[in-house]
Amino acid sequence: MDIKILAPSLLLFLAFQHCSSRPCLDPLISPLYASSFHASSRYNFFYSAHFAKLYGSSGWSPSPRDRQPWMQIDLGRKYRIMAIATQGTFNSYDWVTKYMLLYGDRFDAWTPYVMKGGNMTLPGNWNYYQVKRNVFHYAFTAKHLRIYPMGWNTENGGKIGLRVEFYGCPYDSYVMQFEGDDMVAYSFPRGRMRTLQDHYALNFKTLEKDGILLHSEGLQGDSITLELKTGRLYLHISLGSSTVHNTNGMTTMMLGNLLDTQHWHYVTIKRYGREVNFTLDSQTETAVLNGEFQYLDLDKQIYVGGVIEKDVPHLPGKVNFRGCMENVFINGINIIYKTQYQEPEIRLAPKKPMTFAGPNNYLQLPGFFRKNRLAVKFKFRSWDYTGLLMFTRFADELGSLELGLSEGQVNVTLMQPGNKRLRFAAGYRLNDGFWHTVDLTAKDNLLTITIDEDESSPLKITNPFMVRTGDRYFFGGCPKTNNTARCVTKLSRFHGCMQQIFIDDEPVDIDVMLQRKWGRYAEILLGTCGITDRCSPNPCEHEGRCIQSWNDFLCVCNNTGYKGEVCHNLQKSWTVIEHNRMKSTKVSGSTMDRPYIGDLQYVNASWDEVTALANTSLYCEQWIEFSCYKSRLLNTPHGRPYTYWIGRHNESHEYWGGAFPESGKCGCAVNQTCTDSKYWCNCDADYRQWHSDKGYLSFRDHLPVRRIVIGDTNRTGSEARYSVGALYCHGDRSIWHTIAFTKPTYLTFPTFKPGTSADITFHFRTYRTNGVFVESSDDHLRNFLRIELNSTTEVIFIFMVGDGIRNVTLRSPKPLNDNEWHYVEAEINVKLARLKVDFLPPAIHKFPGQTYITMKFTQPLLVGAANHTLRPFLGCLRGLRMNGVPVDLEGKVDERTGIRRNCTGACLNASIPCRNGGQCIDGYASYACDCNNTAFDGYYCHLDIGGFFDVGAWLRYDIRKEPISFDAWWANFWIEPHWHNFTLGYNTTTDDIEFSFSTLQAPAVLLYISSFSNDYIAVLLKKDGTLSLRYRLGIISYKFKLTDRNMADGFPHFVNITRHNYTIWTQVDYMDPWIEKLIPGEIPRFDSPKSIFLGRVMEVGGVDYEIQRHNSPGFMGCISGVRYNIFAPLKAYFRPNVTNPPVTTQGYVVESNCGAFPPVLGYVPWEDDPWFTGLFFYYIHDDVTPPWMTRKFTVTLILLSCFKAYIALFFIPDRFAPSS
C-alpha cells in the first residue's frame, strides 16, 4: 500500500536524512544563527543567548529578577546528541557549576537527561575559561535543547554565565504514526526466522498506557512480545517449552514507569542464546531466559504496532499501539524504511482507496466468471494525457479488453486469438480535470461505449468476437509483480480519481470488499479525491502557457522571449562569429614532431576584434569536436598530449569540450561515459573504430580558439577529423559595477519585490572563509532569502519562503577564497531553487508539486552582510543583478565606511609592503604576507634567516631523491609553459638564485647546485676575492665573472642570478645588472636538479676540477637569505615546517644574520612589527618560571654574549686572514 494511503491515519513520515559514517562528534552549536537561540531573559543585550557559543567573546546571563532562568537552542533538525561542553562568560566571574539538560523534538515537550544513578544534574565549571565536557552515557536524539542552571559562582559578584557546545551528528528519522487500527507485518524472507542472537531497536512515544509494540510467534511455541502495560514496558520472550522436563520457557522482563508522557523513549533488545539485555533509555536489565533452548524460531512474520488479521482486530486481551514509532530495527532491517518504499515483505492493514496517486498504483476487483455479457461503468477525472483505466482478461483464453486514456480520449482495445486487434477511441479532451463517465457494455459481436452518459451518440462496434467474462478487473494499472499474466498493458499508470464503479451492473461496495478481503490494490487513497489545479492561478510568467499533469506542471514559453521553468529568465541575445574550420576537416600523416596545424580565420572580423569581443562579453562558448579512428587525443590519463588547441593568449590547452579548464580531460570523463573507463577521452582508447570527443569550451578567458594541433595520425589506418563551431558570446562586462568591502558593513537598497520568482547573479573574489553577499527579508525574518559563502568551498542559498528554512548548498572541489573572480547564479521559483557557481554543476532543490512560495519582503535589500552586520563579507563584488536589473553598487562608494570603488583592498596602500618577494594576502580589512616561497621570515617577510659556517662545515638541501622522468617533465612543462611555473619545484629553463654573505677568507664555494646528470650551477669566491659563476648545461660549460672587487672584506654582499632560456642577468650589491648570453641552439635546460650545497661541496661522484680547487678548506663566514627558485635551504633548516626536512649538515652551523645585507627599503620599525615582543620578555610555561629567575637568566646571557664578543675581537681575525 502506498504511503499516501496511510497519511491520514497510519503513516506520517517526518524526515529522511542522510547520516554520515564519520564519528558522531560534530559541533552542532557553532554553525547556528542567532535566531536559533532563545532564553527566558537576558542581563542586557551583550549577554543575549546567541552569544553563548563555546570560545565566544561573551556569554549568556539571565536577568537577576529571573526566578527560573533557562536557555534554549533550536538545532533546526534532529540530531543524535553525544556530549556537551560548557564554559563561563568570557573574562568574568560568571559561570554555572551545575545544570539540568532537557531535550525534545518539539519546543513545548521536554524529556530530562538522567545520569547514571538517577541524578538529573550535570556538573559544570569551576572558572570561566576552562572547558567542562560531559559525555552522555546514552546517546539521545533531539531537535530542541534546553539548559536550566541549578548552581553558579557567587564569589566576587559572580552570576550565571554560560557558553556551550553540543556534539553529535545528523540522525536518520523514519517515523510512523499508529491510530490503534493500524499495523505493519514484516514477512520473513524464507517464511521463518531461526536465530541464535537478535538485536531489536526502536523509539516510541505515546499518551496511552497500553499497547502492543512488537509481536511474533512460532509453531513450536517460541514467541516474542514487546508491550506497554499500565505505563510500563514489558518484554515477553520464550525460546520454547519442554514437555519432557516440564519446563515453561516464557520469561518476562519489565522496565520503566509512566511511559505515557508523549516523550521519546529508546528501546534496545540484545539476545545471545539465553542471555538477554533489555534497555530502556538509560536503564538496562539482564536476564537468562527460562528453558534449555538457545534458538528463537519464529514463523511467517513479525507484527509492528499491533496484530490485525482476518476476524482478529487485535491479540486476545491486548490492544494495539496508539502513538508514534521511529526507526524500528529487526536484526539490522529498518521496518519503517521498508514500509516507506513499499517493499514486498511489508504488509499493511487495508484502507479504503479512491485516489490513484502513486507510481505503481492499481485496483483489482472481482467479477462474475464466464458470463456472456460484460458491463463496466465508472467515473474518472485526471490531468494526465495517458494512463490505464481498466483491463480485464476473458475466460477460456478468449483474449482481453483494455480501456486507456490517450491524448485526452478513451481508447478501447479488444484482442482475441486468431482475430485482428480492434482499437478505437471515444470522447474528446477528457483530461481537463472534470468528472467524466465511461459506460461500456459488450457481448458477442457487439461493443458499445458511452462517454458522459450522452445516449445520443454512443460508439458501437460490430465485429466478430466472443465475450466470456473473466474473474478479475484491474483499474488504474497492472500489479508490478504479475506472475500469472492476468494484466498486460503498455500504458502507464493512471493518476487521478475514480468513483461509482459498477461491474456487471452491480455497484462495487469498497467497504464490503475490504471486509470480505476481496480485491487487491496499491498506492490508492480512500475517501478523497486529491486532484489539484496547478495552473490556477497561472504560475507561468510573461503569458507563458501552463500545461499540467497529476503531480507537476509545465510552462510553454514559446513566443514569449523568456525561458526557464516558469518563463522567468530573459532569453540571451547572442553575437555569433563564424570561421573557416566549421566543417569537418580530415587529418592523416601527422606526428608529434611534425604535427598538423589548423589555423582558424574568423569571418568579417580581425583577430583583435574577436578577442576583444570575448574579453568584454559576460559569457562565451565554442563547440569543438574530434573524431578518431586509431588516433589518440590527449593521451590520458598521464601522457603527453597528441592533440591540443591554442586559445586567446597563444597558450596551449590540454582539455577538450565539455571538461573543466586545465583538467586534462574530455567531456566523457566528466560525465563518466567514456568508451573505456581507464581513459579520460573516448579517442585515447585507441580502438580501430570511429569514436569522437566533443563538447562546448566555455571558459571565456581561454576563448576564442585560434589553432588546432593534431599529432597522432601517421600509423597504419590512423585517421582523424575535427571541426570547431562558431564563437557565441552574450552580455556586456563593461556595465559591471565593482566595489570592495574593506570593513564590516553593508549597503542598503530599496526593498526587493520579486513576486513568485527571483534570480540573483553576481561575481565575487575574497580571501575570507565566509560572509553574506545578499540578504532580503521581512520585519521578523519569517520570510527571507540569503546567499553567503559558508566555508572555503561552500556557497549556500538559504531561504524561508513558505515552508520553513531551506537551503541549497553548492560544494566546490577547489577553494573559492583564492582571491580569484567567481560567478554566482541563484534562482528560486515554485518548482525549484537552483544555485550555480562558475562552471560547476548546479545544486538544485526541487519543491513538491503543490508548493506555494511567498516572497513578500519589507526590509531594504542588504549587500555585504546580514542584518545587524552579521557574517560580514570582506572582498570584492561586481555585476550584481536582481531579477535581471543591475544594482548600482558604485553609487554607494564611501571610503569612510569601508566601501571602495573597483577591487582594491589593503594591499593596494599597504603601510609597509611585503618584502623580499613575499606575496601580499589581501584580507581587504587587513593584509598578511605569505613568505612560503621566500628565504625570509617575519610579518612582512623582512627578517633574514642566515647562518654562520665554521671551517669545514657544510649544509646540503635535497631537491629530489630520484631523477625526474621525461613524462613528468613534459607534464610540468605542458600544464603552463611559462618561465615562472614551478609545478615540480623548479623550471628547467629558468633559474632564480639570490643570497647574501660575508667572509674574510678565500677561496670558497658559496653555493653549488648539483643534478642527476652532469649539469651544475656554482658561485665561487676566488682566491683574489672576486666572484665567479659556473654553469654546465648539457655538454657546454660557461664561466662568468660577477665582479672585479674583493668581496672577502668582512662586509655583507648581495648576489642575484636569474636565467631565462639563453639570457642570464647577474647583479651584485644592487649595482647595475650584467647581462650574459648563452650559445644559441636548443633551449638549454638544467636537467633534474638534485641538491643545494652551502659552505662546501660534498657531492657523491665526479665534481669538476675547478670546483674542487675552491672547495678546500671550505667556506668560513656568514651566509643569509639563500633561495634557489622556491627552495630556501637555510629556512628549511632553521624554520622547518615538516617533521623531517630534507637538510643534512656537518660541522659547526648556527643561526646568525651576520651575513644579511642591509635592506634597500630600510628596517621595519619595532612599533610596526606585530611579531616584535620587546628586548626582554618572560618565558611563561606550564611550570610557571618565577620572574626573578627569568631576569637572572637574561642577565647571564648578556654577560656571556659580551664575553664571547671580547674573545672574538682578539682571536677571530687571525682565522679570517687570507692564506698564503
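Even glycines carry a Cβ here, placed using N, Cα and C.
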- Recorded disulfide counterpart of Cys903 (TrEMBL; options Cys876, Cys929, Cys931, Cys941): Cys876
- Which of Cys876, Cys903, all disulfide-bonded residues, has a Cβ with the fewest other Cβ atoms inside 10 Å: Cys903
- Query: Mind checking which residues reach the domain 'EGF-like' (531-568)? Cβ under 8 Å, same chain, six or more beyond either end.
  - Reply: 355, 357, 381-385, 433, 495-497, 755-757, 759, 827, 829-832, 849-850
- Item | Contact set, same chain, for the domain 'EGF-like' (904-942): CB under 8 Å, 6 or more residues outside the stretch | 740-744, 766-768, 819, 874-876, 898, 994-995, 1121-1123, 1126, 1128, 1130-1131, 1135, 1159, 1161, 1163-1164, 1168-1171
- Task: Write out how many residues of the domain 'EGF-like' (531-568) are helix, how many strand and how many coil, based on DSSP.
- Result: 0 helix, 10 strand, 28 coil
- Query: What is the average pLDDT across the domain 'Laminin G' (175-360)?
  - Reply: 85
